[in-house]
Amino acid sequence: MSAPIHENERIKARSNCLRGTLRESLADTLTGAISPEDTQISKFHGFYQQDHRDRRQARPEQYLEPYFGFMLRAPLPGGVCTPAQWLAIDGMGRELGGGSLRLTTRQSFQYHGILKRDIASVIRGINAVMIDSIGGCGDVNRNVLCNPNPVESALHREVYDWAKRISEHLLPRTRAYHEIWLDGEQVGGGEDVEPIYGRTYLPRKFKTAVGVPPHNDVDVYANDLGFAAVADGSRLIGFNVSAGGTGRNTGIPATFPRLADVLGFVEPERTLAVAEAVVTTQRHFGDRLDRTQARLKYTIERMGLDAFRDEVERRAGIRFAPARPIGFTDQGDRTAWVRGQDGRWHLTLYIESGRLIDGPGQSSMQGLREIARIHQGDFRITPNQNLIVARVPEPGKSEIEALARKYGLLDKGIALRLNGMSCVALPTCPLAMAEAERYYPDFLAQVERLTRKHGLAEQEIVTRMTGCPNGCARPYLAELALVGKGPGRYNLMLGGNGRRYRLNRLYRENLDEAAILAEIDTLLGRYAACRQPGERFGDYLIRDGIVRPVVNPAEDFHE
C-alpha cells in the first residue's frame, strides 16, 4: 500500500515531465486564467498565476472574472547580466510586463501583470538574449545566489563560476520548456529523464547560496543549501557546506524559521557532487504529504543532523572534513565607487524595494536604459535588491555617474535604506495579509525621522518588511522587521544581528502603525543612551534582555 501524498505530487506525476495541459490552457481565449492543475505546473516554467487584489471586489459586480495576470521570474545565477540582456529585460517589462521591472532578493528579475496571451512572447523575448525562466519557481532548485562583492574580484570570479555550475547542474532536464515556449515541437527520442529530480521533482522549493566571507550579503544560513567560500589569500581552497535554513509558513505554529546547520568542509572539485547529494536526499526523504513540513529544514529535524550528513556523504561518495574557520563580519551594499583588483570600477545604485518604473516623480527604468546603452561591463543584481554597474573603466566613470545622478539612482544613501528590503505583497501576491512594497518607503521615512531624533541617522540597522509570515524578504534575520498580520497590522520582530546569522524573535504582535512607531521610538532611545562602542542595534537588544536569542527554533521560536 503506497503512502498518502499531497495532490500536488499527483499533478507532477501525471504532468509528463512538466508539460501538463499548458498548451491547451494558453489556447483557451474564453478566460484569462489557466487550468487549476496548470497553475502548479506553470511554476516550474517560471510563472505564477495571480489576480489584481485591488480589483477583486469590483470585478464580480461587473460580472467579470478576476483580473488575472501572471508573475514571471527569470533566474540569473549570481545576478549577472550584460547591457544587451538588460535592454531586452527592460523592453519586455515596458511592453508586456506591466510597465515595470522588479529586482528580487534572490538576484533575479520578475515581471508582474503579464496577460496570458503575452506569456510566450515574454519568454521568447528574454530567450533571444540567452535568458530563460525555467526553475524560476516550482519544486526545484531556484536561482543560485552569489556574493556580488566587487572588491575581492579574483576570488569572486572563481566563486561565481561555481555558482553558475551549481545552477546549471541542478536545472531540470525536461524538454517541455523548449517544446512549449520556443520551438513549438515535441522532440522525439523517448521519454524525458530527470536524473536528479525524478518524475515528481522535489517535495518543495529549494534555495541555494554561495557566499564569500567576510560579506554575508546572500544570507547564506537562510538557504536550504549554502556554500561559504574558504580562501587561502585570493585562492579558493573549498567551501564550508551548510543545509537546512529558511523562513516559515503563514499561520501554522508547527512551522518556524531556521538557520542552516554546517555539515563540514569540501574541496571545490566535490562541490557538484555534494550539491546533488543534498538535493537527492531531500527528494527521497522530504515530506510529500504535508507541504508545510516539506522544506529541507524539517527533513533534517526529522532525520537528525548526523543521519542527514551520513546520507549526503554516502550519496556523494565523500567524507566531510571539519568546517574551516571563517568569519562573516559585514553585510549590505557599498555606496560610491569601489575599485576592483583588475583596475575597473563598480558603482552600486540604490533601487527602492527593487522596483524599477517610469512614472510621476521617477524614471529609474529610463535611467538604467541610458546607462546600459553606453556601459561596456556588466550589471549585478544584489541580494539587497540593488544594482551594481560593474567593471567600468576609469574613463567611463563620469558619464555613468552623471546619468545615475540625473535619474535619482544615487544620493539615497541613508544607512537605514541601504540595509532594508521588502517583498512585493499587495496587490499581486495572493498570500499577502498586509502591504509591504507600497508601504515600506513611508514606514522607512518615519523610522528615519526617529533615528535622527536619537542621533542615529548614520547607524546601519537591517530592516525588512513582508506582507505575510512566509518571509520572502528574509525578515527573520533582520535586526528590525515587520511581518504582515492583517490589513495595516504587523508583528514586530527584533534581535537579528547585522551579519545575518542570528534569528530574531517576536517582540510585539498585531500592532498598527502608531503602536509600531511608538515601540521603535522607545527602543531607539534606549539604544542611543545605553549602547556600547560599535554595538549594533540587534546586539544591544539581546544584551539588554529586551528579546532573548533563539537557541533552538523548533522549540523556542514561538515562546
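Each residue, glycine too, has its Cβ placed from N, Cα and C.
Since this is a predicted model, take the numbers as computed values, not measurements.
Here's what Swiss-Prot has on this protein:
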BINDING   CYS423, CYS429, CYS468, CYS472  [4Fe-4S] cluster binding site
BINDING   CYS472  siroheme binding site
### Query
Other than its own, how many Cβ atoms are within 10 Å of the Cβ belonging to CYS472 ([4Fe-4S] cluster binding site)?
22
### Summary
For CYS423 ([4Fe-4S] cluster binding site), the nonlocal same-chain Cβ neighbours (under 8 Å, six or more residues apart) come out as THR105, CYS429, ALA432, ALA436, GLU437, MET465, THR466, GLY467, CYS472, ALA473
### Message
Can you give me the residues near the recorded [4Fe-4S] cluster site, meaning same chain, not CYS423, CYS429, CYS468, CYS472 themselves, Cβ no more than 8 Å from the center of the site's Cβ atoms?
### Response
VAL424, ALA425, LEU431, ALA432, ALA436, THR466, GLY467, ASN470, GLY471, ALA473, GLY484
### Query
By the DSSP assignment reduced to helix, strand and coil, which category contains CYS429 ([4Fe-4S] cluster binding site)?
coil
### Summary
Per DSSP (helix/strand/coil reduction), CYS472 ([4Fe-4S] cluster binding site) sits in coil
### Task
Let me know how many other Cβ atoms fall within 10 Å of the Cβ of CYS468 ([4Fe-4S] cluster binding site).
21
#### Entry: Cβ neighbour count (within 10 Å, all chains shown) around CYS429 ([4Fe-4S] cluster binding site)
23
